[in-house]
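According to TrEMBL, the features are:
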BINDING   Asp88, Trp89, Glu91, Asn93, Glu102  Ca(2+) binding site
BINDING   His150, His306, His311  Zn(2+) binding site
REGION    1-23  region 'Disordered'
TRANSMEM  45-64  transmembrane segment
TRANSMEM  104-122  transmembrane segment
TRANSMEM  134-151  transmembrane segment
TRANSMEM  163-180  transmembrane segment
TRANSMEM  187-205  transmembrane segment
TRANSMEM  225-246  transmembrane segment
TRANSMEM  273-296  transmembrane segment
TRANSMEM  308-327  transmembrane segment
Amino acid sequence: VRMRRRNVAPIGSGSKPDADVRSTTTEIADSVDYDDRDDGISPSAVFRGLGCLLTVTTTLYYFATPANLKKRNTSLSGPYGPPNAEFDWCENNYHAFSQIAEPVNTFSSLLYILQPLLFLGLHRRMKLPREAPFCLASVALIGVGSTLFHATLRYHMQLADELPMLALVLGAVCGLLRFTWPQLASLPSRVFSILFVGLSSALLATDRLDDTTGEEQLIHKACRGIMTCAFSACFLYIFYSTAQLSSDDAQTLRKRSAPYGVWSPPGLFRRQFVIWIASIVGWIADILCCAALQNLPFGMPFPQLHGLVWHGGSALGLHYIMVLLIWHQRLADGFSPKTKLWLGFLPYLVEE
């Protein structure tokens, strides 16, 4: 980065050197120009890298789910009945509590409830875009559904986890399309609302398995496939668009000669992208390396990648990407907020 420094008058020139030094220090901290190399990760690189990972996750989640992910120890059924969810994660069931199937995955799901509360608290003085309440509510519902799903391993609780995820990415895409394709106006909201209501109704109204044959019903399976692919496509579009918007926001701040605070928009995007990549890799490793993780050498404990890395990382990543989206909206409204850090790692925006 390049920094602009105000010339400090020499001592004895009639000025107040201490005040000038303080002014200079403040200006160095707040008036930072962008270097030409500070343009973040290119959208094409984001598309290629994240697209490869999402191809793996979509395959594991729907098209070729590994047998170990479908394991069900019905002898440990708990108070909710035998597990009938599609997925049974690597954490051993009921290993700590008789009332909670996967305690670490369950308690770490509460981070999704904490994240919207922290976000609202840190941005209580800032006007949020109209999609923000919907997205924050969706994240909180993900936390509720994920907690119930991992505590019970029942299929309807799995849907309570998955459907808010779909609602979240659809709502985020609607907000992004207002910036990238403003001519579409409210069309995406209507289309996505119909898609979400249709898929939710079909999944909740039909049984996953046929009572006679025990096979998965075609309509239900097709709706799950559409939901999975729609989620992955929206997820990829969110990151592709945010990569472009972060570079655009850097240009806007540069033209306004406005300070960006601790991190620039491209810098914030880079950090949240790394967090998401690490979280997704942890999700994949928890599935593909389950047997090895359960039997680590030297008596090392099971690392709980799904609960600690995926839940913890994705909750943090959601906060970062929401800050980016709010930043873009406020810049579009004519304001120039800058970033600060809470507890040294959680970014938030302030307008002074």
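Using N, Cα and C of the backbone, Cβ positions are placed for all residues, glycine too.
Keep in mind that TrEMBL annotations are predicted by a computer and have not been checked by a curator.
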Quiz item: If you measure from the Cα of Glu102 (Ca(2+) binding site), which of the binding-site residues His150, His306, His311 is the nearest?
Solution: His150
Quiz item: Which residues in the same chain, at least 6 apart in sequence, have a Cβ under 8 Å from the Cβ of His150 (Zn(2+) binding site)?
Solution: Trp89, Ile100, Ala101, Glu102, Asn105, Thr106, Ser109, Gly307
Quiz prompt | Which of His306, His311, the listed binding-site residues, has fewest other Cβ atoms within 10 Å | solution = His306
Quiz item: Cβ under 8 Å to the transmembrane segment (308-327), counting only same-chain residues 6 or more beyond its ends: which ones?
Solution: 104-105, 108-109, 111-112, 114-115, 118-119, 123, 126, 128-129, 132, 135-136, 139, 146, 172, 175-176, 238, 242, 245-246, 249, 265, 268-269, 271-272, 275-276, 278-280, 282-283, 286, 337, 339, 346-349
Practice problem: Sort out the residues at least 6 away from either end of the transmembrane segment (225-246), same chain, that have Cβ-Cβ distances under 8 Å to it, and list them. | Solution: 40-43, 46-47, 50-51, 54, 57-58, 61-62, 162, 165-166, 169-170, 172-173, 176, 179-180, 195, 199, 203, 265-266, 268-269, 273, 276, 321, 324-325, 328
Practice problem: Counting only CB pairs under 8 A, let me know which of 45-64, 104-122, 187-205 has the most with the transmembrane segment (273-296). | Solution: 45-64
Quiz prompt | Other parts of the chain folded back onto the transmembrane segment (104-122), taken as Cβ under 8 Å at six or more residues beyond its ends | solution = 89, 91, 136-137, 139-140, 142-144, 146-147, 149-151, 304, 306-308, 311-312, 315-316, 318-319, 322-323, 342, 346, 348
Exercise. Can you tell which of Asp88, Glu91 has the least company, meaning the fewest other C-beta atoms within 10 angstroms of its C-beta, among these binding-site residues?
Key: Asp88
Practice problem: Within 10 Å of the Cβ of Glu102 (Ca(2+) binding site), how many other Cβ atoms can you find? Include all protein chains, please. | Solution: 27
Quiz prompt | Cβ-based neighbourhood (8 Å from the centroid) of the Zn(2+) site, residues His150, His306, His311 excluded | solution = Trp89, Glu91, Glu102, Val104, Asn105, Thr106, Ser108, Ser109, Ser146, Gly307, Trp310
Quiz item: Rounded to a whole number, how many Å is the Cα of His311 (Zn(2+) binding site) away from the Cα of Glu91 (Ca(2+) binding site)?
Solution: 13
Exercise. Determine the Cβ neighbour count for Asn93 (Ca(2+) binding site): the number of other Cβ atoms within 10 Å of its Cβ.
Key: 21
Quiz item: What other residues of this chain sit with their CB within 8 A of the center of the CB atoms of Asp88, Trp89, Glu91, Asn93, Glu102, the recorded Ca(2+) site?
Solution: Cys90, Asn92, Ala101, Asn105, His150, Leu153
Practice problem: Count the other Cβ atoms sitting within 10 Å of the Cβ of Trp89 (Ca(2+) binding site), across every protein chain shown. | Solution: 26
Quiz item: Whole-number Å distance between the CA of Asn93 (Ca(2+) binding site) and the CA of His306 (Zn(2+) binding site)?
Solution: 14
